[in-house]
Amino acid sequence: MLRTHLCAELGEEHIGTEVQVCGWCNTYRDHGGVVFIDLRDKSGIVQLVCDPSTQAHAIASSVRDEYVLVAKGKVRARGAGLENPKLKTGMIEIVLNSLIIENKSPTPPIAIGDESVNEELRLKYRYLDLRSPKAYNIFKIRSDAAIATRNSLQKMGFLEVETPILTKATPEGARDYLVPSRVHQGEFYALPQSPQLFKQLLMMSGFDKYFQIAKCFRDEDLRADRQPEFTQIDIEMSFCEQEDIISVAENLLKDIFSACGTEIEIPFMRLPYAQAMESYGSDKPDLRFCMPLVEVGDLFVDSSNAIFKNIAQDSKNNRIKALCVKGGDTFFSRKTLGEAEDFVRKFGAKGLAYIQIKENELKGPLVKFISESALNELVSRVKAEVGDIIFFGAGAKKIVWDYMGRLRLKVAEDMKLINENEYKFLWVVDFPMFEKDEGKTKALHHPFTMPNDLDKEDIEEITSVAYDVVLNGIELGGGSIRIHKDSIQKRVFELLGISTQEAEDKFGFLLEALSFGAPPHGGIAIGFDRLIMLLSKSQSIRDVIAFPKTQRATCPLTLAPSKVNDEQLKELHIRVKNELK
């Protein structure tokens, strides 16, 4: 090796030792002929000092930012008052007796470690962006988590199996990335949205316990926590029940967090889907703070406010939710109340009513429409005290859940009620099997999930053996017990409006495999990128992927996607139509 130590490994215990270090010039300073260089490698920074009397001085004087250096010298203590407590190596420096410039660099277009730089520019020069020790530490966490995943699951008897990347297009919710076949003219492979069907087939193959750190692809609109290609920890096991998979996932997450320096407690809290929606307006609630939504529709059945009264009289389809904010009367001004109303309107609210809890009175636009006894019950039910404010959401239940859940989270963020150093896990269970979207029936998870009762008249009341693991308000993973009988799978396809012919065309191989003695089985997939984002306290999923895509699904570094030449298209039997003008 060209070096004896990494930069940040050096400390006071090395004073008087001859060392050789390698890295990049982070900063260069010339103080009256004495040259100071902050040398940076993956571990951190150490200060180099070169006096005018040394042979290395001429070379040191020519060094500039991002030059690649090999430096040799003796470690000494920094002078009194010259220590740098911000650096791990801030008590020492290296006095140079030899310096080699291995490579030069022009002035870099971005400052290493400067996160204020436009993200697209950072991604264009990602190889520079990744030079910071902070970036390296993120990928050290990612590596440690991957190793811990393999060790943990192997210890529990799981077999790692790789499933195909080139596969068949199947409807799993998002659009597929299609790959044209050169050999089979006019036919296409699809990149897998998940290994779902293959891992089920492995259970039918008798593999019993499977896992894979799998690359998945979805052609969907991007958000801060989405990428067109992403990684998940994929798990499937046979002859199991929901409890078995939950136990495996909890022990796995405990091992991963422990490997990354954090201990978590298991088992995790559980919450039925219906309760999560009613109490938090979300199927992935953040429980690092309390502030639940409370149903108060019954208190408005006899209200003199016609709008609230009409809403309250249809308790099956509507909701009136109260959100009591502790200390909110002091926090919210007329201006911030207006901003809160503007916020919920963006998500379908018609307005935002409220009641302020004063010392000797209740104030707000709703007070005059509610009887004194109902007001007393309201205050008691939401546990309101002097200085609090109660917000109200009223209307169709799904809309109210959504905007009141978002308001709950926004208020907690604005009032700084969330402990950023806390990890709060939660299982959401008993999901609906189906949902209606613009009149069309869809599977809430996916169509291979085991339903609890297919004979209910109202299809939206059918629940499934499905479960999501949530961490700090982010869905970390989801899974289910799978359908293992072809008759049930065919019935689910039928309820989803998938014809017998379509089911045969798209899933014939699965239906046939199910008919050959498929065992009861189930599994879970945990979003690996999201997990690392939370473990490393990163702001975006793009920070934890070495070469991510932008929110426009492009790569500024390689300029992908790009056009290809006509010869390549001809080989694939493809002709690109010019966009009509």
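One-based numbering along the chain as shown.
Any Cβ shown, glycine's included, is placed from N, Cα and C.
When Swiss-Prot records R218, D219, E220, E475, G527, F528, D529, R530 as binding ATP, the matching candidate from Q212, Q227 it lists for that site is Q227. Cross-referencing 80-83, 196-199, 252-255 with Swiss-Prot places the feature region 'Aspartate' at 196-199. In the three-state DSSP assignment, the secondary structure recorded for G81 (site 'Important for tRNA non-discrimination') is coil. All protein chains included, H31 (site 'Important for tRNA non-discrimination') registers 8 other Cβ atoms within 10 Å of its own Cβ. Of all the binding-site residues listed here (H445, R482), the one with the fewest other CB atoms within 10 A of its own CB is H445.
Closest to E220 (ATP binding site) by Cα-Cα distance, out of the recorded positions H31, G81, H445, R482, is H445. The shortest Cα-Cα distance from G81 (site 'Important for tRNA non-discrimination') to any of the binding-site residues (R218, E475, R482) is found for E475. Ranked by CA distance from F528 (ATP binding site), the recorded positions H31, R218, H445, R482 have R218 at the top as the closest.
A straight line from the CA of H31 (site 'Important for tRNA non-discrimination') to the CA of R530 (ATP binding site) spans 46 Å.
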